[in-house]
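Below is one structure, written out as structure tokens; the observations come after it.
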Amino acid sequence: MAPSSPDPDVDAATLVPDLCSPPSTPDLSDTASETTLHGDPDPLLCPPQKLSFLRLTIAHIGLGLSLFLATTDQTIVSTSMPTIIASLHASEAQYSWPGIAYLLSQTALQPLYPRLSDIAGRKTVLFWSITFFLLGSLLCGAAQSMVWLALARALAGAGGGGIVNSVWVIATEIVPIQDRPKWSIALSVTWSASAVAGPLIGGLFSGEHVRLLSWRWAFYINIPIGVLASLIMAFSLPSLAAKDCPDCVAKRLPSPKPVLTPRQIWLLVLRWFDFIGLALIMGGTVCVIIGFSFAASVGWSAPTTCSLLSVGGALLIAAGFYEAYTTRDALIPPMLFKQRTTLAVFVASYMHNFAFTSGTYFLALYYQAVHGSTPLMAGILILPYSLGSSLASLPPACYISARGPARACRSRKEVMICGMGISCLGFGLMILLDQNSSSALQELVPLVAGIGIGMLFHTPFGILTSSMPEEELASTTGAFFLVRFIGTTTGLSVAQAIFTSRLVRALPAGFTLQSSGSSSLDLRGLVGISDEKLRNEVLGAVSSAIQVGFRLLGQSNVFTKGGISGYG
């Protein structure tokens with residue numbers, strides 16, 4: 001007898017046994033019991049689709065372009081904000097709004113993208129994310145007020161977060177596991193290069209160097225590049241279509257599994273979706289990011305700062321416990337909380353991004369405040385640090401690949417420990433930088449730190465994905481980038497707070513930034529102080545404030561190195 005189609009009116013709950021009931025004794029309706037069985041293999045449990053070398057190369061070009069846009073936009077406004085403030089007639093209090101808005105939406109939505117890609121398909125989520133990102137960029141370029149710009153940046157950040165998550169998941173799924181270290185080089189280099197490309201592009205379009213260019217073109221330029229990347233990926237990526245029955249539903253169905261209508265699938269998705277976990281993670285992330293932003297502007301002891309950080313920390317801790325024990329479809333795989341390896345990787349990834357972002361901030365500040373460099377020239381001077389980190393990610397990938405899959409985990413651990421050690425040395429040497437440092441010292445010392453940082457751009461992600469089941473790849477990736485983006489945000493906020501608080505204590509008595517023609521947003525005027533003795537004292541105070549930050553980064557890397565030495 002031919003099987004009948006499932007009745008769309010059958011309640012979803014009748015198709016699945018209760019969570020507390022054994023799966024072998026489900027209470028199925030007659031309609032469900034006669035449905036056709038799924039015979040297709042689970043694509044997440046099968047090897048990645050075999051693509052030719054040429055097609056993989058073209059696909060990675062498209063993925064790299066998309067990732068470059070999303071990560072570059074994190075810092076693209078950093079060097080052009082004084083120009084934007086003047087153009088939109090905004091106040092200094094609104095200076096951080098565009099940057100915070102982008103990072104906030106990009107980070108807070110990270111847990112949501114994996115589940116959406118499991119249900120709707122990887123390419124669908126990627127292309128919709130690109131669409132939102134480009135729409136946000138278009139609105140940013142057309143902004144007529146700071147509130148408009150901040151809201152548009154939030155929309156672009158929501159799309160950018162989806163791009164980052166989808167790109168790494170797709171790149172992992174289309175490449176065989178033994179070849180992943182080699183192919184990951186492209187994305188690792190793209191990620192690290194974007195850190196300096198953002199300030200460079202922002203400085204180029206600030207209007208200070210090319211008068212025909214406006215800051216608005218820093219956003220408009222995303223549109224043709226995003227369209228080009230979409231076309232490349234549309235023709236080079238495999239289908240990566242959503243499965244008829246998503247994993248979050250299929251793993252709870254009795255065996256043999258019935259065929260469900262789309263309506264029944266969505267009812268089951270909603271029944272098991274982790275709404276409480278999503279609220280805890282997003283609420284905690286928002287409070288932490290805004291709290292650190294307030295710390296940089298109003299101080300750590302301000303009631304607002306303390307309240308936001310306390311509530312945010314409590315929500316994130318509660319989210320961790322809830323995700324570890326919930327019976328719903330956890331947004332973060334519970335296994336991540338129960339393995340020493342994954343916990344060590346999360347700590348290393350957080351501290352790595354914290355150190356890289358803070359180091360970039362302090363170096364840019366050093367070149368602009370102590371030596372009077374323009375934003376564009378400061379971006380060029382940072383190249384040994386940023387470009388060095390990009391190039392330093394290549395040898396570790398080749399080393400891990402040469403050691404083979406059997407030794408991959410051990411090889412990655414060796415690379416992480418070595419990278420942490422070199423970065424400790426580099427940040428320790430950076431305390432030598434002051435107003436009297438030679439050009440050679442200014443370039444060689446950041447290069448050492450950049451090499452160490454670069455060795456860690458992809459290695460933690462490789463350890464994490466290799467230690468988790470393939471079916472948890474998307475959600476694991478979301479958790480990884482949630483931690484990474486929080487590290488970026490807190491790194492920038494802590495760096496600003498350390499510099500501001502230290503500078504106030506170190507400046508000569510009676511001296512104010514305003515008296516030198518500078519402001520808290522632009523310190524380049526300090527090198528123009530006419531009194532040589534006062535100028536040396538002020539520049540020495542700025543150098544000492546920056547050195548405190550470098551010392552903290554070196555010490556934090558020592559702590560992290562000691563922690564990861566004992567994992568797995």
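For all residues, glycine too, the Cβ spot is worked out from N, Cα and C.
TrEMBL: automatically predicted annotations, no manual curation.
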Exercise. Out of 445-466, 533-554, which range is noted as transmembrane segment by TrEMBL?
Worked result: 445-466
Problem set entry | Selection from 53-71, 300-322, 376-394, 415-433, 445-466, the stretch that has most Cβ pairs under 8 A to the transmembrane segment (217-237) | 53-71
Problem set entry | Distant-in-sequence neighbours of the transmembrane segment (300-322), which means Cβ under 8 A and at least six residues beyond its ends | 276-277, 280-281, 283-292, 294, 332, 337, 497, 501
Problem set entry | Contact ranking winner - 150-171, 183-205, 376-394, 445-466, 478-499 against the transmembrane segment (415-433), Cβ under 8 Å | 445-466
Exercise. When the pLDDT values for the domain 'Major facilitator superfamily (MFS) profile' (59-568) are averaged, what is the result?
Worked result: 82
Exercise. Between the transmembrane segment (478-499) and the transmembrane segment (343-364), are there three or more C-beta pairs closer than 8 Å, counting only pairs 6 or more apart along the chain?
Worked result: yes
Exercise. Taking residues 6+ outside the transmembrane segment (376-394), which of them lie with a CB under 8 Å of any CB in it?
Worked result: 79, 185, 188-189, 192-193, 195-196, 199-200, 203-204, 206, 208-209, 356, 359-360, 363-364, 367-368, 442-444, 446-447, 449-455, 457-458
